[in-house]
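Quick look at what TrEMBL lists:
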- 1-99: region 'Disordered' (REGION)
- 73-85: compositional bias 'Pro residues' (COMPBIAS)
- 140-272: domain 'Yip1' (DOMAIN)
- 145-163: transmembrane segment (TRANSMEM)
- 170-191: transmembrane segment (TRANSMEM)
- 197-218: transmembrane segment (TRANSMEM)
- 225-246: transmembrane segment (TRANSMEM)
- 258-277: transmembrane segment (TRANSMEM)
Amino acid sequence: MSHGDTIPLHSSSQSDIDEIENLIYSNPSTVLPARPPSPPRSAIPVSSSPFMPSNLRPPPPLTSTKTTNYKPTPVPSIPSPPPLPSSGQSNIAATGFGSPPNTLTEPVWDTVKRDLYRIVSNLKLVVFPNPYREDPGKALRDWDLWGPFFFIVFLGLTLSWSASVKKSEVFAVAFALLAAGAVILTLNVLLLGGHIIFFQSLSLLGYCLFPLDVGAFICMLKDNVILKVVVVCVSLAWSSWAAYPFMSTAVNPRRKALALYPVVLMYVSVGFLIIAID
């Protein structure tokens, strides 16, 4: 088939085309006119600033009446934390928390003051009336041996100064009697089933020598036999009264006399030594 040849339409198709043409030419007013072109749109302004200017009016300023009547809402204050405890090592050690204080690097004067304070405190608890005398665990909880050592040496020196001859021998006898007697009496209490620490008992017996030290010092100043007897008797009663509650509570009540008799015997021996030395 060549390009110039035409294909005839079907009879039904041709009739449809004729009907459409008749409708168009017979009613020309029914054809809608073409839509007019839309007006050109305004161009959107492009600005280099990231913020667009606002057309809203700013709010009016507050008047004086409003400012005076305005009351700000109170804000609840946050309670301040409690103050931290002082960083002293003594407070930490006293409450039982933290490491104990290092006494190797402290000044010598601090060590001397601490030891003197401990001696005075234990002396008050043992020799003088206080509410802790009936409980030896509370009275000598912080026991030491510096106080007993000082009282034994002081009593030996006082007796040697009171002696007219052989001062060194008097000091040696007095020191040996007191030191060995304290050890023997402590072993006696432990063998009787006493509930007391060995060094705690030595500390107790040494602090009970304080009244005898006072009596020996008075007898050294006043060389009078009657005065010596009175002072020694008072000193013996004071020392025995100081040692009684601790030794009696440490052993069984049925063995109380076996624990107290050697203690009183040692103090009586020291008393006779004070009176006899001239």
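Cβ from N, Cα, C; glycine included.
Whatever TrEMBL says is automated annotation, not expert-curated.
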State the non-local partners of the transmembrane segment (258-277) in its own chain: residues 6+ outside its ends, Cβ under 8 Å from one of its Cβ atoms.
155, 159, 162-163, 170, 173-174, 177-178, 181, 184-185, 188-189, 192, 194, 205, 208-209, 212, 215-216, 219, 225, 228-229, 232-233, 235-236, 239-240, 243-244, 247-248, 250-251
Under an 8 Å Cβ to Cβ limit, what residues of the same chain, 6 or more beyond the ends of the transmembrane segment (197-218), are close to it?
122-123, 126-127, 136, 140, 143-145, 147-149, 151-152, 154-155, 158-159, 162, 178, 181-183, 185-186, 189-190, 227, 231-232, 234-236, 238-239, 242-243, 246-247, 250, 263, 267, 270-271, 274
List, by number or range, the same-chain residues at least 6 past the transmembrane segment (225-246) whose CB is under 8 A from its CB atoms?
126-127, 133-134, 136, 139-140, 196, 204-205, 207-212, 214-216, 218-219, 260, 263-264, 267-268, 271, 274-275
Integer average pLDDT (0 to 100) for the domain 'Yip1' (140-272):
87
